[in-house]
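Read through the structure below, which is laid out as structure tokens, and then see the notes.
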Amino acid sequence: MAQGCPIAGLELSVTDFQSSQNNMWHHTEEISFDHLIVRRGQAFNITLYFRNRAFEPDLDKIIFVAETGPMPDQAKGTRAVFSLAGRHGPSPWTASLETIRDSRLEVSLYAPPTAPVGRYLLKVHIDSFRGSVTAYQLGEFILLFNPWCSGDTVFLDSEPQRQEYVMNDYGFIYQGNKNWIRPCPWNYGQFEDNIVNICLELLDKSLNFQIDPATDCALRGSPVYISRVVCAMINSNDDKGVLNGNWSENFSDGTNPAEWTGSVAILKQWHSTGQPVRYGQCWVFAAIMCTVMRCLGIPTRVITNFDSGHDTDGNLIIDEYYDHTGRILENKKDTVWNFHVWNECWMARLDLPPGYAGWQVLDSTPQERSNGMFCCGPASVRAIKQGEVDLNYDTAFVFSMVNADCVSWLILGGKEQRLHRDTNSVGNFISTKSIRSDERDDITESYKYEEGSPQERQVFQKALQKLKMGKSQGHYQADSKPSSPMPRRLNSPPLRTCDIIQVSLELQLLDLPNMGQDIKFVLLAINMSRELKDLKVNLSAQSLLHNGSPLPPFWQDTAFINLVPKEAKTHRCQISYSQYSQHLSTDKLIRVSALVEEKSCPEKILVNKIITLVYPAIIINVLGAAIVNQPLSIQVIFSNPLSEQVADCVLTVEGSGLFKKQQRVFIGVLKPQHRASITLKTVPFKSGQRQIQANLRSNKFKDIKGYKDINVDLYV
């Protein structure tokens, strides 16, 4: 009987990663249809095509190898070896047979929900019966976090929230002041061309990777670890991170932070130049971090805290100093930022006791060091509310941003006189964009109990005691500046009734403070006592940077007000445009202060008001129906709000899925109060809800903004 011919070894011809179908199943089709981008904890299919014969399960053994990082290691979890027949060794990665048809084999692969995220190389070893073992490189794929998977530590059990905090590529960042909250439109653009590659490049340029790449890649399965790495890389204080911060008024060698309208241009500039982009401030840092974290698959939102404390010595007290005119003095130590912006990321906290999962604060604005690096968080929002300031990471610092007390001091004759202690001025109207809406969502109650309530004061005292105990044991603020001793102050005796002014004071705006117009306001004084009051009021106005740093005063006034018992009077004030125009900061903030004294009383009263000057918004009109791959015209209407000519006008327009890149139109000169419009043409390339963002800058102003929501249909 003739001997049969030996079975030839199985030869691989081509591999189909089924990128289009897989990416749609894994919610990554917005990133790419051509390159495989999948999420951990969820299977994906690939097809192997063989050159010489069909796959035979009883004869052929197929082993897959998935590797990430420069030094893949099975022990570290950066190399996985697993067979089609079943698990190969201890690997939690799996491969299962789907279909066999002629020379085609469809296989389902599964990366566990704990696998490190990043770029992977997929290989296959084919061992045929009595044949040689052949190895093939199938290609690269990207593995991301999976908030749709219950086994992933970033799992978010709400589809509307996943759509908002992972899939939405635009939003609002709230600015202004607590009395006038302004939404600033922002294009996050996390799914734009090449952004996912830039995000992975960001991880590879971190100091952690440079020092120990094997360990860094192994730890990339943890959102806690990843978030700290990204947080440090958004700023450039320790490394060649994405952004240089600048809180001065000189941006001549870069871009004024107020001019940015999106993250994409910043990230692409960083990628192309290899150098930090100039410049950013808190909202830009937070916006870039939101883009990176959403791209990686971690649910993220941008948070604004109005009247945000910056307590450098960890005593939960913000000291503010004033002179006899009511002018606030620069304090190199503690400050109250008019607003401060950070991120919240959703994740489990397996490193903390139970109960502290969920939203975590991450602040990439470089303020203080954390374990030697300029980053902050993740700090559990629940821990912040409960005063658990000893929990990792940087919970005490974030607690002070939302719940420190503020003490005002009068500097007079070289001595310091305490004016008052305010327990509720820090941490107001903590805001983020609402789900499925352009409205603002106030989330203050998730950070602290109601101001003035017994619970709020109990938590404050609890946090203070923990900080004192930690300092005595050397546990906290290890990377902060040494605590400065408090200035020597004379203890004043308790005030008697006759020592108290008993006057109510309030600064009130009479009109909306429009840029280019005079600011009109009154000081309302009410005598609450049964005695005659003879008041002297020193008023001053000075520009502020949004981080609380004051500029020199540009306006002062003195008023003398006589009040009979229970009488109310107003003192009218006006600051002309010519008085403030040359002294205004980019932040458009003016602080008006009134320091009141009464001849027969040692007590003094300080009141102040933050005014944000208002620009007219850019108007955007969409001319016709928006349809994918069909031409679309967009009209942009803008104006010069000033009564003087402005030059060097540049209009910037962008929108993910609408424009391939940011559009810049050089307008040149705009005459006083002049209104103009231009029409831009584009071809939308993504369907669904989109947003257009626009900014107009000139030599006199930097951030007149506007936006337009637009729905793009797939077909006519």
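Using N, Cα and C of the backbone, Cβ positions are placed for all residues, glycine too.
Automatic prediction, not curation, is the source of TrEMBL annotations.
If you look up TrEMBL, you'll see 274-366 marked as domain 'Transglutaminase-like'. Taken from TrEMBL, the feature active site covers CYS282, HIS340, ASP363. Annotated Ca(2+) binding site per TrEMBL: ASN403, ASP405, GLU451, GLU456, in sequence order. Look at TrEMBL and you will find 471-492 tagged as region 'Disordered'.
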Where the distance is taken from Cα to Cα, which of the active-site residues CYS282, HIS340, ASP363 turns out closest to ASN403 (Ca(2+) binding site)?
HIS340
Check the recorded positions ASP363, ASP405, GLU451 for other C-beta atoms within 10 angstroms of each C-beta and report the one with the most.
ASP363
Same-chain, non-site residues whose Cβ lies within 8 A of the ASN403, ASP405, GLU451, GLU456 Cβ center for Ca(2+) are ALA404, THR423, ASN424, VAL426, GLY427, LYS448, GLY452, ARG457, PHE460
For CYS282 (active site), find which of the recorded positions HIS340, ASP363, ASP405, GLU451, GLU456 come within 10 Å, Cα to Cα.
HIS340, ASP363
Of the recorded positions ASP363, ASP405, GLU451, which one has its Cα closest to the Cα of HIS340 (active site)?
ASP363
How big is the Cα-to-Cα gap, in Å, between GLU456 (Ca(2+) binding site) and ASP363 (active site)?
24
Return only the integer: C-alpha distance in Å from ASP363 (active site) to ASP405 (Ca(2+) binding site).
21
Average model confidence [pLDDT] within the domain 'Transglutaminase-like' (274-366):
94
Between ASN403, GLU456, which of the binding-site residues has the fewest other CB atoms within 10 angstroms in the structure shown?
GLU456
